[in-house]
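Down below is the structure, laid out as structure tokens.
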């Protein structure tokens, strides 16, 4: 596939000196396209660049001919469907009936349906667009394909978009023919079965980030809860108890206090399901029993939760850099300087200086480690790593990031958790709440490092069962133990 991926969109031998496409060789396989919209034009360009001869059928060929490459033959629809054996139907569902006049010319040919319904149309119609097209042309073989590929991807090539092209049809030979065309165009065909699967294939472009819904709602829920909690402590309490108006803190200061809490809890929620899964395996004494559905879904969403944690941490860093630019911070700094001059005092607390230095340093290290986790989550980077490298970054470095973040939070708290004036409305400081889940995860990870737990867990993950017939001794070589899969 590397050669196909490297294939340019427009072949060098097809380019003239004036930049237009030259005539396609006569031996090139001929393909028909019904339609003259954006997708049809991109499809024609991609087909010509892949070595096919394209003939386009339009209701008004004179008006649309200039929109297509010069080597594409733009003609009336009746002439466009006469010779090609494979014809792409690039028109909307409501215009399918206008093609019924071509039933005789289309008999026995392969119709490739590339259309997509709107969300309302998908819910309104029980049958898919491809099944409806097949009912209108029973003498043709309908194949559903290319509906998940955008016009931009067709023009730019598969390197700048998704390479997979789901294909479904009731005729295996027709699927094979279209699959060969997909390969020739540099994409990867995926067999989705019979034409009954077309409804599922047409639903794919309608999904909006399906794997991000639950993690996003979780992050928003945590943000709202922590924001309300910080509002009560930092804004409402001074106003009620001392009559001080600090509502100016709502846009920046309260948000900046909330973001690290959300990032910290989300990061701990990435590694908590792994702890729960290991606990279940130790309790059951086997790895061959399925996890509960809620834990299974939680494990599948760890990547998205981790990326949202990095996003909140990055926003926290940006907000922190902006704090000295706030007018309120400048006023407080000037007032502090005036008080020092008036009282002739020298304000320098060695403990606070060291605390802030360590606090900032640990925060930078934690953010840098989180950045590595986010970068290796990208498919282009992850595909270049072997399993051990990817596991080391996501598991070992991820746990290091959690420990650094915990130290960052503890350094911020220092002795503040034991000061009475920190408990406003008898509510503990926010950082004490965020430490609960991460500390549980870190303590559990530390327990699993003990030989009594680690060796038993390693045996279970290698196939040993407590009540089964499989009994064996772990290899003494520690390197082989490290290579044991943790899935």
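Every residue, even glycine, has its Cβ placed from backbone N, Cα and C.
The domain 'Pyrroline-5-carboxylate reductase catalytic N-terminal' annotation in TrEMBL covers 30-117.
Annotated domain 'Ferric oxidoreductase' per TrEMBL: 261-404, in sequence order.
The annotation transmembrane segment is assigned in TrEMBL to 214-232 (among others).
Here TrEMBL flags 252-280 (among others) as transmembrane segment.
Taken from TrEMBL, the feature transmembrane segment applies to 305-326 (among others).
Here TrEMBL flags 358-378 (among others) as transmembrane segment. With a cut-off of 8 Å between Cβ atoms, the residues of this chain six or more beyond the transmembrane segment (358-378) that come close are 267, 303, 306-307, 309-310, 313-314, 317, 385, 390, 393-394, 397-398, 400-401, 404-405, 407-408, 411-412.
Long-range contacts of the transmembrane segment (390-411) within the same chain: residues 260, 263-264, 267-268, 270-271, 306, 355, 358-359, 362-363, 365-366, 369-370, 372-373, 376-377, 382, 431, 434-435, 438-439, 441-442, 445, 486, each at least 6 residues beyond the stretch ends and with a Cβ under 8 Å from a Cβ of the stretch. The transmembrane segment annotation in TrEMBL covers 390-411 (among others).
Marked as transmembrane segment by TrEMBL: 431-453 (among others).
The average pLDDT for the domain 'Ferric oxidoreductase' (261-404) in the predicted structure is 90.
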